[in-house]
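See below for the structure under consideration.
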């Protein structure tokens, strides 16, 4: 059908997670605590890494960038969700919805690429220690981070343009607490089968591909340290195991959400909570509590602040 036959939708209605006031208050409290933990935890990591010269290795440089991305990723959805839960206002302007969709995929896909780079960094450090300094030089780290952001932007602009070219004439109710590609595309007043497949092959395959690369890198690390029983390699293996748990929490819900070209489940909006809220909360905990160097640097920073 021609786009001119429709009256353009000017706003969408985000139904959120629940219509019950008691549950909304509970979700508000949980989201507020989670968002505060994301901001404080990741800002502490950034300040600690930036102020301590001892944390100048590529691993901590990448960790600092991951913390910044986590803050951006959560800030795309959490503030508006908190306002909506407290005020009860569920409407979002069409332009605001598209902006949220763009920035969510921009920082989300950038984080996927960065986590893949971090896994490569750990593989190089453990499996090729003699070449680590040359491979992960400062310039190479900057280039890899820039490539992550560029890849995220390219992915996001494709998703956003595919969504913008669709006609929206109603209904305008989104069964989620933020604007994302799958629920928004289902509201289009046209056949979206091809668009849905294109988007699934974009977001879904990126999620799946990065996750498989991550799993492969950790499998190679496991194969390398299997025969080495030194305390250092045991610690490396334990650290990689905790990292793999965190990235699994991030990637598996994304694969579940984006690799399906059509159809929806009532649990979809709850699955989204895992990679938009829970994963950013877990990252600073796992990546700092497993590192004695970071903990010691934080104590030194705390003592300097109190002095």
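Glycine too: its Cβ is placed from the backbone N, Cα and C atoms.
Segment annotation: TrEMBL labels transmembrane segment over residues 140-158 (candidates 140-158, 159-177). In TrEMBL, the annotation transmembrane segment applies to 25-47, one of the ranges 2-24, 25-47.
Between the transmembrane segment (25-47) and the transmembrane segment (270-289), three or more CB pairs separated by 6 or more residues in sequence fall under 8 Å, so the two stretches touch. Take the transmembrane segment (59-78) and the stretches 140-158, 204-225, 270-289: counting Cβ pairs under 8 Å, 270-289 has the most.
Long-range contacts of the transmembrane segment (140-158) within its own chain (CB-CB distance under 8 A, at least 6 residues past either end) are made by residues 58, 61-62, 65, 102-103, 105-114, 117, 202-203, 206.
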